[in-house]
Amino acid sequence: MPMKANKTEPQSQTRKQKKDTPWILHIFNHICFVTTIIGCYSCHWKIKQEKKFKHGQCCSLRERLFYPCLVISFCMSVLLVFVWVESSNEYNGFDWVIFIGTGLWFFWSIVLLSFLGILAAYTSLLLVLGFLLLWEGIELYLHWCHKILILLVIVICSFFFWILFTYWKDRWLTVGLSLQVFAPYIHLSSIAMMVILSWPLAFYLIHLEGEARIRRYQMTCNERKRNKRCNVLTKLRALQVAIGLPFFLILLCLYLLPLGNFSACVQEKNKLAPKPYFFGHRGAPMLGPENTIMSFEKAVEHGAYGLESDVHISYDHVPFLMHDSDLRRTTNIKEVLPNASLTHPSLFDWDFLSTLNAGKWFSHAPIKPFFGMKPLSEADRERAGNQKIPKLTELLELAQKEKKFVIFDLYGPAPNHSLRALYVHHVVSTILDSQIEQRLIFWLPGFEREYVKKKAPGFQQVSRLHSVERLTKENITRINVDYKNLFYNGMREYRAANISINLYLVNEPWLFSLAWCSRIPSVTTDNIQVLNEMTQPSYFMTPKYYLFVWILMDILSAIFIVAIFYFHWWKESKKEKLLKSTSIHTESLSTSLRTRESKNQGPSCISIDPVSRVTEIPWTHAALSPALTKNVRKYPDSNRVSVVPMKKASKSEPVSKTIKTPVPGEDDIRHLVPTLKASESIQAPVRESAREATFQSSSAMKANGTFSSIDVSHPQKQTERPPNTKSSEESLPVFTTSSPSSSS
């Protein structure tokens, strides 16, 4: 009955352990994890014992030469993604450029963003997998397919960088503007990232420090390898400096970054300028078809300060509103007259142009003109599908009615047009004949400006970006410039000269916030329905609030980093103390045995080799130092204590009687070995019985007055023995006592 109870108790404990184990451990384990990362990195999916690398040899020379290529591809792909994300204000313009070349309207900007994101995610994944393999101590081997793809990523990124530096240099100005807005938030996020990175860094640095201390401690015990160990210590210190010094320098720079950081959105609320006015770019192109009366009316409904448009002149001298140099994108000319779809708009009569539909491409097309545009209501959808190409006079009537300003780009007609040389005069006459107030006209075209000033002195002259001296000379007080020019100190020189600035094209809230904080009077936008709802700039904060967050973040990050380093130092010192205590215990045991050997100058002696590991229980590895459990596989017989026979006595010595104590056989010893799966209740009796047997044997030896030679094997000497040699002298303890009446 007690035996049954002992059997059922471990089973109940095992069931309880299984019940308390998290569900994720029933599905995943360490072998599965290691196999997965090795398979993804090296394309080796077989479960096997992977080769562990030695210190300083994480991979072969070829892998070390190729690893910088992986880092370069990661940096290039991430930088491209960042540049393109910050250029989101230009996505519609990019799609339009691709349409001009291919004739197909699609969200090419989103396709490019997804492609660059895939490249960045791929290289990031390989870097993370490599780090995990190094963490597990597994030698790196990148599959040749990955190597080819990484080289391909470098080539693709180099091609895009060449395009950026050759044709789109202004995109770098967009990146600079975004940093002006997001600099405080990037600064705080970078400090948080450094705190996260401090965990593996502290682990590695403290590990190197612990290894250096252990080697320095062992140096006093082995002077023959002093020079070699000194070189190893120097390498360890150099590695610590090479890794730790850049980290702390970057952290120090981040702590002091706000001292030299400038952000237009960090200012006092009472110094914030009024909200900029809006010019509806071709009306409200996200709410109605661009350059139609519906679009302009939607812009007026959402509080537009002025209306921006583009003017062409028909073959029969009628100014009308159209942006593109052909009619493919915004009309149904492919259905009406496919062969003339690429003809310049100025070569069509107004009678034909007035019959074209200018709204179905917006309301019934499967692909909308703007990514993320909200769906239209049924009434707006029906109204947009019936829009026509409007005349310039229709826009002027709406502006006069709503008291809105009008600004437009004037495109010259085709070379064989009858008004090729006089189209400016004709447009000015058309505006004056419409009876609109002259002050509502912002005259933007730069050619024949003197004629316009004489013919219509009430027009407000608007110029492109020229020098302040030229603008002052021409008596121009308003300019219309690209938003990227804000990078140059926010156009301070022009504001100082009382020159009003209108920025185009501002669609993103962060860019509008920057213009607002930079005291820009007005902007031209496609996204008027969103920007009009903003009551204050996004990412706006006062200097005091930013100072408070900065100091608080620095203090908290410093506390966390110090705590992380202290935790790893405490953990490593605990292992070091345990290792030193084990070594001291071994040395004291060896010294006591040698002292006893010198006192007993008889026929038998006690000799013991220097050991580095001592166990309390025979046949088990449980009493080893926890930090050295991995070495058990290398030295499987390091815990065996064998009693070897004495030398044969000479004739003059008393005859000794050999008594072999009954010991269990090999199979029985194996039966006594406690396994990891056995419970503590089964292990305890076995340990006690083993200790009692050992104590009785030693008592018998003391009583007989003679000790045999005890050989405690050293791990380093285990390899010198043949693996398959099993003599009775090694496997069985033999106790020898001296007797005058017995023969050897």
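We number each residue from 1, going along the chain as drawn.
Glycine residues also receive a Cβ, built from the backbone N, Cα and C atoms like all the rest.
On a predicted model such as this, the values are computed, not experimentally measured, just so you know.
Taken from TrEMBL, the feature transmembrane segment covers 23-44, 65-85, 105-135, 147-165, 185-206, 236-257, 545-567. Annotation comment: TrEMBL describes 276-535 as domain 'GP-PDE'. The region 'Disordered' feature in TrEMBL is assigned to 644-668, 680-744. What TrEMBL records for 694-711 is compositional bias 'Polar residues'.
Two recorded stretches are said to be in contact when at least 3 C-beta pairs lie under 8 angstroms, sequence spacing 6 or more; the transmembrane segment (65-85) and the transmembrane segment (185-206) fall short of this definition. The transmembrane segment (236-257) shares the most Cβ pairs under 8 Å with 185-206, out of the stretches 105-135, 147-165, 185-206.
The average pLDDT computed over the domain 'GP-PDE' (276-535) stands at 93.
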